[in-house]
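Undergrad: One structure, pasted below without further comment.
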Amino acid sequence: MDAAEASAALQQPVFYIGHHDAKRDEVVSLELMDRARLIGYDMITSPVTNAAFRKHVVQLMLDYRKLRASDQSLPLPLVPSLGPSFTTLHPTDAIPSMIAVLSPWADVTSSDPLVAHISRQVVSVEIAYAAFCGVSNVILPPLFRNQYAPFPEAVSTYADMAARSLGIGPYLQIIVPFPMDNQKPAPEDTVLSIEDMGETSPVNISAADTGDPLSSWDSWNHIRATCNYASKLAISLSVPRLLPDEHIQSRWYSEPMRILSFSTSTFATNPGGHPVLSKAHQALLTRYIRLQQPPWLLISGASELPLPATSNGLSSDPTPAEAAVMPIQPPLQAPRLAYLRYLQRSQPPLPPLARFAQGYQDFLQSPLQPLTDNLESITYEVFEKDPIKYAWYEQAVALALKDLHDELKRPIIVAVVGAGRGPLMTRSLMASNTTGIPILPFAVEKNPNAYVLLQRRNATDPLWTGRVQVIKTDMRSWAGPTDANGSPAKVDILVSELLGSFADNELSPECLDGVQHHLHPSHGVSIPQSYTAWASPISSPRIYADLLHRPSDPEKWSLPYVTMLHQFSYLSHTDEALPPTSAGLLSFSPSIQQCWEFSHPLPHSVLDQSATRKQGGPLASGLGGGDGWNEHNLRSCHLIFPVKDTSRGVCHGVAGYFETVLYKSRDGTKVVELSINPNSMDQKSRDMISWFPIFFPLNTPLHVPDGAEIRLDMHRKTDDRKVWYTWQVAVWAQIGRRWQRTAESEVHSSEQNGCLM
C-alpha cells in the first residue's frame, strides 16, 4: 500500500454493524456472539430476560384481574426479582459486544393502570440487572408502537421513565427507539404490549397528529428536555423504506444518534436478486456515518444471522486457532451485512474542509484576540495550510497592482500589516513577479516572536532576497513607509488578514482605522476592501448540552464561540431550491441574512471626526462610555427569519459567518472574494479552511412553532476600550390575525469578555 492508498484508507469511515432479532426471546449466549463475530458483526442485541419471565408477568397480570373482580381493594401486584429461571444473562466476555434490549412488551404509557404499573417494574428490574452485569448500552421499550403519535400525557410518562432510568446505572447509556417519521412501521418492527395479552384497552391514538412527520421528533424533544439534555441519553432511529423530506433528515442528524436501525423492508432488491439501498438511503447513510460520533448500524431479521456452514470442513465450534484462519467475509446467507460492508469500502473521501476539521466538530473555542495576545507559531502554521485563501490574496494583489501601475508608472508600495510569519508578503512578492510590476514591500508585525522569524525569512528566503522592510510595531503606531529614495511616502496597497469568523470580531475595523492615515488618500487600496457579517438561527442540541453541563463557567452563555458547526440544523429556509442531489433529494437553501458591513478605506471626514472626539473637549460623550471616538464602528441589525410549515423546532443559538471582497478591479470585470457563508462559499472560495463559523448561544432554548418567525436583534458595541456584542432572539407566531411574541430570550452580552483594543 503506497502513501496515497494509506491516506485514503485512514479517511474511510468505519461501520460498526450489529444484528437485531425482534423475536429473540433468550439471552444471547457466548456461542451465538462468536458466530456473529465470525460472520462479520461487531455487536448483537440481546433481551435481558427470557420467555419464561414474560409468561410469568402475563400470568401475574391475569391472576390479578381475576382476584380483583371479587376484591376491589386489592393493591396492584409486584413483579418478583429476577432468578436463574428468568434470565441467563451474567458477566461474560460477550457483554462488551452486547446491546441490551428491555422487554418491548413493557408499556409504561398504557392507559391501563395495571399494565403501566407492571411495565414500570419490569423496566426497573431489567435495567438494574443489565447495569450490574456490565452492559453499557440499553434500549428502552418503544414509545411508538404503530404509526400514530402517542397522547401528550403518554409522552410525559415515558419521559419520566427515561429520566429515572438514567439514575440507575452510572455508566449506562440509555437509548430510546424512534421512527424517523409517522410512516407505518415494518411488520418485523411491530411491537405488542402485554396490554394486548390481557383485557382489551382503548388504542392509544392521537388522530390529530397522524399526518405529522415531526410527531416522532416532538416526542423525543419532550423526553430530551425532561432529562435535561443528559449526555447518557441517545436515540435509536429506524430508517423507513420511503425517506421523509430532507429537513426531517436534517433534524434527526442534529440529535444524539447512537443507532441507525435497518429493517428488512428498508432494503430494495436489485435485478440480480440482491438487497440494496436506494441512492437516497445511501446518501443518508454517508451523511450520518460522518458524524463525529457515528451511529452504529443495526440490521434486523433472524435470517441475517445464519447457522455456520459445516459442509466445507470448518468446525461449527472452532478453537481459537481455527477461528483465526476462518474467513470473516459475510456468507451469502447474510446479504444485507455483506452489502453494508460493500458500502463501507466504497464511501467517498472527505472533502478538504471536513478532513481539516476532524476533531474540531462542535468543539467550542474562544475567538482569538490578536491585539492583546501574541499568537504561537503553531497557530500561524494552521492558517498557512489553507489551499485557497492565500492563492486568492495573490490574485487580489495582482489585480490591484495592474490597476495602480497603469496610473502610477512606478514601483508600488505594498504594506502587509499583521504580517505574522509572512505568507501574505510571500504572495504579494509572487504577484509582483507574475505581473512584472515592481513593488516596495513592507511587513509590519507587533508579535516579537514572529518578528524574529520574519527577519530570518527576509535573509534566507530566495523570493524575499532581503528586500522586504520588516518593522516591529503595532500597525497603529507605525511611522509609515518610505519610497525608494528614503523619503516619507504613502502606502499604495494595504494588505491585511485581520478577519474573524464574524468578519469584524477580531477588530479588523479598529486596526485598519489606526493605519489608514498611511494609505494614499486618492488611490490607496485596502485588501480586503469590504466585509459583511451574516447570521442564521440554528438548532444544536449537542452544543447546548455541552454548555449546559459546564457548571464552573459563569460566563458560558455570554460568549460567542468559534466552532466547526457539524451536528446542527437550520430553522429557517428560503424558497430557493437547491440543486437536487445525486439521490434526487430536494431541499431549500437556509436563510442566512446579512447583519452589517464594513468598508475600507473610510471617508477621511469620518476619521477626522473620530480624531476630534478622541481629543476630548466640549463634545457629547459616547453612548457606551468614553469619548465615543470609535462609535463609527458601532453596528446593529434586526433580522426576521421565517419558519416554514412542518419545520418547527428548538432554537439553541445563532450561527455567524462572513463574506469579504478582497478586491474588485476598477473596471468592475473581476472580483476576488472569500466566504464561509454556506450559501456562497462554494461559488466564492470552495475548500477554504482558515475560518470556522461562530456561534452565539442562548441560555434557554426557544420553541419555534410551524409558520412562526424568529427575530434577531444584534448589536456591535464599544466603549473606546473594547468591543463586544449583544444578541437577543424572539419567536413570533400568528394567532388569529395578529402576530404575537410567544418566546423571547434574555439579552446576552459579551461585554465582560469583550475584545480589547
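Note that the numbers count up from 1, one per residue, in the order the chain is shown.
Here the Cβ of each residue, glycine as well, is placed from N, Cα and C on the backbone.
Annotation comment: TrEMBL describes 40-321 as domain 'PRMT5 TIM barrel'. For 355-527, the entry in TrEMBL reads domain 'PRMT5 arginine-N-methyltransferase'. The annotation S-adenosyl-L-methionine binding site is assigned in TrEMBL to Y380, K389, Y390, E445, D474, M475. Sequence annotations record features per position, and here TrEMBL assigns site 'Critical for specifying symmetric addition of methyl groups' to F383. According to TrEMBL, the feature active site, proton donor/acceptor maps to E497, E506. Residues or ranges marked as domain 'PRMT5 oligomerisation' by TrEMBL: 530-756.
Burial and contacts for the listed features, if you can.
TA: For the domain 'PRMT5 TIM barrel' (40-321), the mean pLDDT of the prediction comes to 86.
Sequence-distant contacts of K389 (S-adenosyl-L-methionine binding site), defined by Cβ-Cβ distance under 8 angstroms and a gap of at least six in the same chain, are F383, E497, L674, S685, M688, S690.
The number of other Cβ atoms within 10 Å of the Cβ belonging to F383 (site 'Critical for specifying symmetric addition of methyl groups'), over all protein chains shown, comes to 17.
The Cβ of E506 (active site, proton donor/acceptor) has P367, L368, Q369, P370, L371, L498, L499, G500, C755 as same-chain neighbours under 8 Å, each 6 or more residues away in sequence.
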Undergrad: Could you state, as a whole number of Å, the largest distance between Cα atoms of any two of Y380, K389, Y390, E445, D474, M475, the listed S-adenosyl-L-methionine binders?
TA: 24
Undergrad: Quick one, of the recorded positions E445, D474, E497, which Cβ has the fewest other Cβ within 10 Å?
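TA: If we count Cβ atoms within 10 Å for the recorded positions E445, D474, E497, the smallest count is at D474.
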Undergrad: DSSP on K389 (S-adenosyl-L-methionine binding site), three-state: which is it?
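TA: Once the DSSP labels are grouped into three classes, K389 (S-adenosyl-L-methionine binding site) ends up as helix.
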Undergrad: Within the chain of M475 (S-adenosyl-L-methionine binding site), which residues six or more apart in sequence place their C-beta under 8 angstroms from its C-beta?
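TA: Set apart from M475 (S-adenosyl-L-methionine binding site) by at least 6 residues yet with Cβ under 8 Å, we have V417, G418, V444, K446, C511, G514, V515.
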